[in-house]
Structures are given as structure tokens and as C-alpha cells.
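Novice: Below are the features I grabbed from Swiss-Prot:
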- HIS141: active site, proton donor/acceptor (ACT_SITE)
- LYS145: active site, proton donor (ACT_SITE)
- GLY9, CYS10, ASN11, GLY12, LYS13, MET14, ALA85, THR86, THR87, SER109, ALA110, ASN111, MET112: NAD(+) binding site (BINDING)
- HIS142, GLY151, THR152: (S)-2,3,4,5-tetrahydrodipicolinate binding site (BINDING)
Amino acid sequence: MMIRLIIHGCNGKMGKVVAKLAKENPEFEVVAGVDKNTFPLDFPVYSDLKEVKEEADVVIDFSYHEAIPNLVKEAAKRKIPVVIATTGLSEEELKTVEEASKEIPIFRSANMSLGINVLISLVKEAAKVLEGFDIEIVEKHHNMKKDAPSGTALMIADAINQVLPEKREYVYGRYTKTEQRKPNEIGIHAVRGGTIVGEHDVIFAGPNEVITISHSAQSREVFGYGALKAAKFLIGQKPGLYTMEDLVKKG
């Protein structure tokens, strides 16, 4: 069965990547796009999901966080599953997503790369063993990225905190710090420059040794492939919130 897609944010960098990959894959067909820039592509483009006339099986979103509430509300009305790859959502926006997930299956991940999710599994195991080590996360992205720290860096920090006996406090940069580092911290640092697609280093620093676990995305296509895998995963799922961990478990 061919999976019919609507790409929300189709004229953005990642939207175009997903459209290209879907066109090359016989399992998918892009039936429509949604974007504030309605420049026509190989499929009709609308300014709002409400305007879309085409029937679809899944919406893949690579847009901006302010657009998410309207997207999930309309998708819930239409009973269309949604893959959300947009980062930087506020608490209020996340609540709207959770509410919509009672009506439709929603897949949300701050990073659609399978590799970064392997990194998360590795750092969770490392955090269990290296319990007393200092932990620092350094993320690097291109100079057009607006949110800092990245959603992925926060996702990594949250995953580490899940397995520690006591949760650690997040410290964002140390620019105004004039005191010694506290042992109950996870330092999170953002670098922005050039065309860096995405790099994440997780540093475990202990007495006389340092372990660094790293992931580097070489192309935006890794996120596009992950989004298509997520779309396929959502077909037939019950309403609820799903993550890359669910996809990896399913294999």
C-alpha cells in the first residue's frame, strides 16, 4: 500500500528533503503540502491544513513551533496521524500535542536520526556505570538555527536524568559563572556557525579519564529518512504519543 503524505512546512529546507526522498521511494506519495510560502511544487501547496482537499494517510511536519497547535487540532479532526519533527515547542504547545494524541497517533522526536537514538541508548548505559562523573553536552548547528540549546541536546539530557538515582540540574553555558562546578549539574552548551548539519558530544569526565560519545549528521537526509520511517510506523497505530524509542523497539 502506498502511503499518502502531506508535508507541513514543505517549502522549508527539511520539507524539500522529505519531498525528494518520498519521490524516490515507491512506498510513498506526496499528495499535498502546507506552507506559509505557497510556492507550487510537484504537488498542490496550501497555506493551512484546513484548505487541503486531498486525502492523506500521514502528515509529516518540519515547520516552526507556533504552527503546531493548529496543525494537530486540524489533524485530530480529520483523524490523520502526524509526525512532528519541529523542535522548540513551549509547554503550552506540548500540552496541545498531548491532547490531540488522545484522538490520533502522534510521533514526536527532537531528532529523527536513527544514529542519534543509538547514541541516547549508549549514554544512558554510560550514565548508569559512570554515576559520579561530571556530564557535559556540547551541540553544534548551522548559523540559521533559531533555538538553543537544540531539542536533541535536551532530549539527551532528559534521557540521562531518567537513569540517574538523583536528577541533575541543567546549566546552560557558564558565561556568568564565578563558582566551582557542582556535581549535580549537566552542562549544556550551544555552538552556531556555518552549515553544520548537527553534531552532539556527550562528555563524561571523571578522575583522570574522559569518555566522549559523539554523533555527527553529515546530511539533512538522515532526518528525512527517519521521518519517513516514522510515518510508516504510524500506519495502523492506536491514538497516543510515540517516540523514536518505540520505532527502534519495533525494529
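Backbone N, Cα and C atoms are what each Cβ position is placed from, and that goes for glycine too.
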Novice: Find the shortest Cα-Cα separation between ALA85 (NAD(+) binding site) and the recorded positions HIS141, HIS142, GLY151, and name the residue that gives it.
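Specialist: Checked the recorded positions HIS141, HIS142, GLY151; minimum Cα distance to ALA85 (NAD(+) binding site) goes to GLY151.
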Novice: If H, G and I count as helix, E and B as strand, and all else as coil, what does DSSP give for HIS141 (active site, proton donor/acceptor)?
Specialist: strand
Novice: Can you tell me the CA-to-CA distance separating HIS142 ((S)-2,3,4,5-tetrahydrodipicolinate binding site) and LYS13 (NAD(+) binding site), as a whole number of Å?
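Specialist: For HIS142 ((S)-2,3,4,5-tetrahydrodipicolinate binding site) versus LYS13 (NAD(+) binding site), the Cα atoms are 12 Å apart.
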Novice: So which one is it: of the recorded positions LYS13, HIS141, which has the fewest other Cβ atoms within 10 Å?
Specialist: LYS13
Novice: Using C-alpha atoms, which one of the recorded positions HIS141, LYS145, GLY151, THR152 comes nearest to LYS13 (NAD(+) binding site)?
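Specialist: Ranked by Cα distance from LYS13 (NAD(+) binding site), first place goes to LYS145.
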Novice: Taking the Cβ of MET112 (NAD(+) binding site) as reference, which residues of that chain separated by at least 6 in sequence fall under 8 Å from it?
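Specialist: Residues satisfying the criterion: ALA85, VAL222, PHE223, GLY224, TYR225, GLY226, ALA227, ALA230, MET244.
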Novice: For THR152 ((S)-2,3,4,5-tetrahydrodipicolinate binding site), which of the listed recorded positions (GLY9, ASN11, THR87, ALA110, HIS141, LYS145) have their CA atom within 10 A of its CA?
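Specialist: Final answer, ordered: THR87, ALA110.
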Novice: Excluding HIS142, GLY151, THR152, please set out which residues of the same chain place their CB within 8 Å of the center of the CB atoms of the (S)-2,3,4,5-tetrahydrodipicolinate site, keeping sequence order.
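Specialist: Filtered neighbour residues, in order: THR87, ALA110, ASN111, GLU139, HIS141, LYS145, ASP147, SER150, ALA153, GLY198.
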